[in-house]
């Protein structure tokens, strides 16, 4: 049997299923553990490590929060952060026109400002995110003359407003035995030699594991390995479609989340008065 | 890396050079592709218009008249031209099939003849006289599309992938379905319901069809024929045919003891009838001949009997100058077969055996019809000559002036467009021979071209004709048949099946005699029935006997392989009955096999390499004797190895590729050999309902109903058949990422959960095009239909709402959005008034009165006008076609299906953030309930998912070809290589809670088809609405906004439940309750005159007139 510590903090991957998937850290659930939520404890445990960030992609770890909170952030990123899209082409902003060519790409889209937009933005500022997205192929004699209106929206209305392409939550760690390297993705397991010359496999980089569970196919290794994930460790990988930097997106998402919480609290308050 | 290399080999393109020995026959199907998938139809039609039509002409070449012995008309030649259309008088221009489709015309070519006839004293020769028009099969030898490059086809608005093989009659595409029949002119021995053995032959010649039976009556044998009023003893028939000596009869039938003893009572019967000579026999037969209305000279009974024996009975056996020998031998053989079958069950024939079947194709059916029409045409000419020649007249009688084209033209077009095949001389009347080519998807059109319709009645409850016959192997698809009443009767050809056309018998006869077949006429009875010889048949006719059948068969095959005999002539011995059957008739199914000699296949790597390099064609393989066609009968005499490794010393042939035993529709299924067999059958039916692309010319078509998928995709897991039929160019479906798991409760009973974001991005989105037709006619009284511009509101001057979509010309503008009940064409037609035209103002011609008959749109959702076509049809009437477009995204209740007979409707559409996601952040497009698997056993779908996933990860297509394809183990290893789970299951997190799911989820891409059944077309509800005039009950059916019937069973429920008021309301008030006003007079009169009451009640059935009503009766309730 797994120890209570394991049950509390780990999601265990077995050969045919996953156990301890549910959050259990509510007060009084386990003898000897005080799981009441407190600001200090949270502040002490909570951290965000940014692993990687560029214009389009960002990967960060969020440690010390409940799955529900992390999921809320993911859902907001997917559905509720504002973004501009034209058709399914992610763009920077407003209406534009086409010329004709054998291959119509987004490069040919030109922004026509309306109202005071011309004063606010440069012509170059507002454009499709990528200039080489193929829209249509034309045969001789065909042409496209088209005006488009860019509309602001969120992913909830229509998927093309979703600013994020992939969002992932992935807490991971592995416990191991010998000669496992093959069973895992490159770099997950490292073989070390101790002073006695005994070869020993050590988890080097659990982040790189793809969870193929290949070990469980080997009878000899099966029982010597334990795969589990840390319950409150989430790896987010945010890929922006280009309009905004991913970090801005995350900040936006957090703002939305804060806004929602505020709204909820105020609702609670107002209803308290009623009763 | 090693595994990926292995897989890459499997994915190798068909056109890449061959490395392994194994690959060597894989190119042959690709070569059949060059011949086209509907070759059978086109071949048959080509044979008809190039060869058969000339034979028909020659058989009916001369017309004479009784009125003038000098007058004659002789056909010298007949031609079918190339399709054209008459623009104005005597000016024609070539026409393309697409123009015919759009303008509702018939794609046909003129039939012209060269004739020689007498005009007065002169002999006149005329060339190229048109006698009618022949509908032309697309891609046949006379079609304008034949031999055109894709670019030229595109210029003609034609799809290069479209197989052709159908007709365009009055603008609709019609297919003449392949008809399956029992073969003609062959002896079939079978037991009837009571178990008595009989034998029958259906003789068929150009002039006549007749059926001759030998039946057992007690212990005697009788001849049964339609032309005879009663069964006659066979011995009498033998005597009537000139074999008076009983010894000779017995020798013909057979000299084995048991045969003689069985036959003896029949001889005795003849004696009892006191018939000893030919004359007596003929007199006896003459008294039994069924009287018919005879024209011309009357004949004696004896002559009639002799004519019957010579021309009607066993009509296919030629009787020259009353030499009945061949016919006697044939009849004796029939008797012998019955006798043998009586003693041994094994001698009874199986009529479901596919070697006994012949497939009738467009060419044969058209030739029957054409000959009938041609004969009628000639009769008409003769009748005209008979009538006109005796009359005195100024001008010389010129028959050419009386040749009318429309009879043949209309006869052919009418038969093709209605499907009613009426052939007078055979008393044949068949309905449903043609069908409208289904253009739902490319596959449904192709599937239709390979469909085989059985002549068997659907109502008979016999399983035999419906069950899968082992002899159908490789010829007919074992999976593709409909469910329900036509199950097993409608079949589909397999991929490599070819159907033969008629071959000339003359050279075969000569060859057979040269190979040692002894002519029948030189032999006595005993020599023919002797156990040491084999009787040689050619197309059901006895040629003679052969003492060394093995040598005959071998030599014959050798000649065939060497190309001295046509490749479709088959020869095979039948050891049971000691026959050698040579067949050269049309309608036999056959398929090519690689010849194996001395345990080695004749096709070698070298040949295949040459094939790949283009030095060699499939014809070369045939001509060099590497490959040959075998029909069902000949297959029985061969030992065919399925794989090269199975070749033994006895093997004579090698299968080209096992997957070709499936047809076009079943060929789409990946890993069909892992599925439960009915699932493949279901998919065959559903593949025809899947939406997709129908052809490269789909945007130019204006069909009554067209469905397109917006973004069709090539399946990730393909099969070789898909490559061969070019399904990848015109696909019907999309690759959806499927998670096999339960989600919410909306996925029970095969319902699917769809991802909303996927739908936003275009999954399952489709276009529905509908056509509205509007024909502007001219009438006999010089009036005509007209189209008026939009009406305006009198006060505001604005166009009224109903006409808002109209242009100034009164026809809707392309791109316009149309709402329910808005007008598309503002047409009005003149009112037919008894007074004729209304008198207008003096000085002006009278103006007819007009009535509005607008073409309007009716439907629940708005549509857009895609395009408008204004043209004229063949009768020069204005034709306006409007194409309406509707874009539909999937909604709850729309039907989807994978390629494994797993259909389901959409049960719920879920936002992406609520969908579960894998470690890579992938959300499924479809969630499928795992309960769909255990009972269905569609393992092929599970493998498709794995192979598709491996294909995606490695960037290539998976192959799931039947009896081959990527191995599961390789696919699994390919997954592991990319860091995925070996069995395809993934760690999935719930999108709702953010916590992992407790089970690993089977996750990957599966090809999904969107089926044509959509909720929008089916949704229907009604509160009040129209009622039928006659019964005053609510109308029936969705199209008439009908009510939903509370039927008998529902009624029973309500009775059982006891809700009497509800019953009363449903059955009485909400149905045909009706109020009548009845004049007071009538009510008063009922007091005095009971008859009036009766009349009142009969004229308003179920109406009660209440006494207490004072002025009117408004109560009208039932019973």
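Glycine is no exception: its Cβ is also placed from the backbone N, Cα and C atoms.
What TrEMBL records for this protein:
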| type | residues | note |
| --- | --- | --- |
| DOMAIN | B:36-409 | domain 'RNA polymerase beta subunit protrusion' |
| DOMAIN | B:184-360 | domain 'RNA polymerase Rpb2' |
| DOMAIN | B:435-499 | domain 'RNA polymerase Rpb2' |
| DOMAIN | B:536-597 | domain 'RNA polymerase Rpb2' |
| DOMAIN | B:618-650 | domain 'RNA polymerase Rpb2' |
| DOMAIN | B:665-1040 | domain 'DNA-directed RNA polymerase subunit 2 hybrid-binding' |
| DOMAIN | B:1042-1078 | domain 'RNA polymerase Rpb2' |
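Across the domain 'RNA polymerase Rpb2' (B:1042-1078), DSSP assigns 20 helix, 0 strand, 17 coil. The highest tally of CB pairs under 8 A with the domain 'RNA polymerase beta subunit protrusion' (B:36-409), across B:435-499, B:536-597, B:618-650, B:665-1040, is held by B:435-499.
Along the domain 'RNA polymerase Rpb2' (B:435-499), the predicted structure has mean pLDDT 86. Looking at B:435-499, B:536-597, B:665-1040, the range that has the most CB pairs within less than 8 A of the domain 'RNA polymerase Rpb2' (B:618-650) turns out to be B:536-597. Residue counts of the domain 'RNA polymerase Rpb2' (B:618-650) by helix, strand and coil are 13 helix, 7 strand, 13 coil (DSSP-based).
Secondary structure by DSSP for the domain 'RNA polymerase Rpb2' (B:536-597): 13 helix, 28 strand, 21 coil. Secondary structure of the domain 'RNA polymerase Rpb2' (B:435-499) per DSSP, as helix, strand and coil residue counts: 17 helix, 15 strand, 33 coil.
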